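To start, the structure under review is shown below, and the notes come after it.
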Amino acid sequence: MATFEGRFSDAAGLRVGIVVARFNDLVTAKLLSGCLDCLKRHGVDVSETSSQLDVAWVPGSFELPIVAQQMARCGQYQVLITLGAVIRGDTPHFDVVVAEASKGVAAVARDTSVPVIFGVLTTDTMQQALERAGIKSNLGWSYGLEALEMGSLMRALPSA
């Protein structure tokens, strides 16, 4: 019996793409910062001249899937991370955006076999979002760690 697990120390040669929603950028910029910190601490070159990392900004979380899909299909990335923050308002818009973003990101991973980390905060208030993006903890760091684990795991699995 084989057992497969991703490792966090296997970042050499890993190409990472990050798609960040600009809407609620007070939150998403902090998520990106935490994510980059994690990747850097685990050996990914996050410099402006990096050949290991690309970051794409989109208007909002609804647009995350289409850009993630394009990045996955181009064959240059072993793992993708989507970052966004959708905060509940007084209309059903929240439910529509969250449902479509989550389904879309999941479909990209299924259709392309490229792991796509769903790093979209879904909160009731801005305060809750800020707490998850740096005041109490930074989930961006966790999303970076998940990407490292999944990138490593996918490299370890037998290919079709």
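Including glycine, each Cβ sits where the backbone N, Cα and C put it.
The feature 5-amino-6-(D-ribitylamino)uracil binding site is assigned by Swiss-Prot to PHE23, SER61, PHE62, GLU63, ALA85, VAL86, ILE87, PHE118, with sequence analysis given as support. Packing around GLU63 (5-amino-6-(D-ribitylamino)uracil binding site) is summarised by its Cβ count: 19 other Cβ atoms lie within 10 angstroms of its Cβ, all protein chains included.
Under DSSP, ASP90 ((2S)-2-hydroxy-3-oxobutyl phosphate binding site) is assigned to coil, being neither helix nor strand in the three-state scheme. What Swiss-Prot lists as (2S)-2-hydroxy-3-oxobutyl phosphate binding site is ASP90, THR91, ARG132.
Residue density at HIS93 (active site, proton donor): 12 other Cβ atoms are found within 10 A of its Cβ, drawing on all protein chains shown. Per Swiss-Prot, the feature active site, proton donor maps to HIS93; the stated evidence is sequence analysis.
In the three-state DSSP reading, PHE23 (5-amino-6-(D-ribitylamino)uracil binding site) counts as coil.
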